[in-house]
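As recorded in Swiss-Prot:
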| type | residues | note |
| --- | --- | --- |
| BINDING | T237, A238, E239, E291, S390 | L-serine binding site |
| BINDING | R268, S269, E270, E355, I356, S357, S358 | ATP binding site |
Amino acid sequence: MLDIQLLRSNTAAVAERLARRGYDFDTARFDALEERRKSVQVKTEELQASRNSISKQIGALKGQGKHEEAQAAMDQVAQIKTDLEQAAADLEAVQKELDAWLLSIPNLPHEDVPFGKDETENVEVRKVGTPREFDFEIKDHVDLGEPLGLDFEGGAKLSGARFTVMRGQIARLHRALAQFMLDTHTLQHGYTEHYTPYIVDDTTLQGTGQLPKFAEDLFHVTRGGDETKTTQYLIPTAEVTLTNTVADSIIPSEQLPLKLTAHSPCFRSEAGSYGKDTRGLIRQHQFDKVEMVQIVHPEKSYEALEEMVGHAENILKALELPYRVITLCTGDMGFGATKTYDLEVWVPAQNTYREISSCSNCEDFQARRMKARFKDENGKNRLVHTLNGSGLAVGRTLVAVLENHQNADGSINIPAALQPYMGGVAKLEVK
């Protein structure tokens, strides 16, 4: 959530920055809400002053034997109490409307984020690796994976479209990828591994920005009977749980940065994605991902963003996968991000690069929602900056390994870095 004081002091400038990302901030509505708030506050202060003044007179009037005047003053105080209660209710209503609105306003883009309306205007930063030239007719990951244990029909039978069953060799490869990613992040990059819940409350999702704006993208579950029924949600990413581990806390500055990672399933309804990527693993309702989160000092967050991108790149390099890094333009960034890099891996059968990681700096946007703070060197409580990134999406990495390392006979070469996680197996072969 944006800083309300920044909005109040620089309304026009904030509106201009939001317009760069395609958000129309209604300054007239904001000004009207502010006028209502100020009016109620002034009225409240006046009522309180009158109450205090009249209350002081009551004792004196009684002491002078002026009982009727004292009673009249007491009646005035009683009426003022009623008026103050109404003013408090009015102020609460204004504040609720303002708070609800603030929760729907996206973060401000960083000054160096390229301006653009959509993904077509993202900017390529670098390409790493050269796509392989095949001397045979290549297959996509569906045709390669099905003989190795990738079962789309089985997934659809159990749960409907966009669900998959994996068995045998392909299931082992999927597990090996996740373990390799976790080990790389914990042993080489300094992250602490976490295991977190897959079901969370709405306040948790509000903290990281998925609610209230993106409710339709989430799967929810109900718990309890009619009288105690509560709604909870399946996590769309472990970013939600990892980041919220610091909610409502004050972290000693010497403990920063916190570097957290977790392997989890992710659940997304893919609202608005009808007809997109209907074949294969690219877009699923349930998929695994290894997530990276950093909680850092505000002055270190952009340095941390570059570091996090490097951590994701190290996985792709180790798996010998060609990829590119792009900076998302203002019109393509996520709701809570100030700056985002996407890593896109080469997918031979599609003859293009596809997103496999997204690394974002949210600055204090999430921290303000979560009340996540640190105590600085002067003993002052300040909001931390939060960052998140995929390290990587396991299913899409599986797609990339299958397609980039395929052989003419349908076998798959296992990258050397992954072989220890496959029990020394160097090649997957159809049996």
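The backbone N, Cα and C atoms fix where each Cβ goes, glycine too.
Every protein chain shown contributes to the tally, and the Cβ of A238 (L-serine binding site) ends up with 28 other Cβ atoms within 10 Å. Long-range Cβ contacts of E355 (ATP binding site) within its own chain (separation 6+, distance under 8 Å): D342, L343, E344, R396. Checking the binding-site residues (T237, A238, E239, E291, S390) against R268 (ATP binding site) with a 10 Å Cα-Cα cut-off leaves T237. S269 (ATP binding site) sits 19 Å from S390 (L-serine binding site), taking the CA atoms of both as reference points. Here the binding residues for ATP are R268, S269, E270, E355, I356, S357, S358. Their largest Cα to Cα distance works out to 19 Å. Annotation for the binding-site residues E239, E270, E291: lowest Cβ count within 10 Å of the residue's own Cβ, E270. Spread of the L-serine binding residues is 9 Å (greatest Cα-Cα distance among T237, A238, E239, E291, S390).
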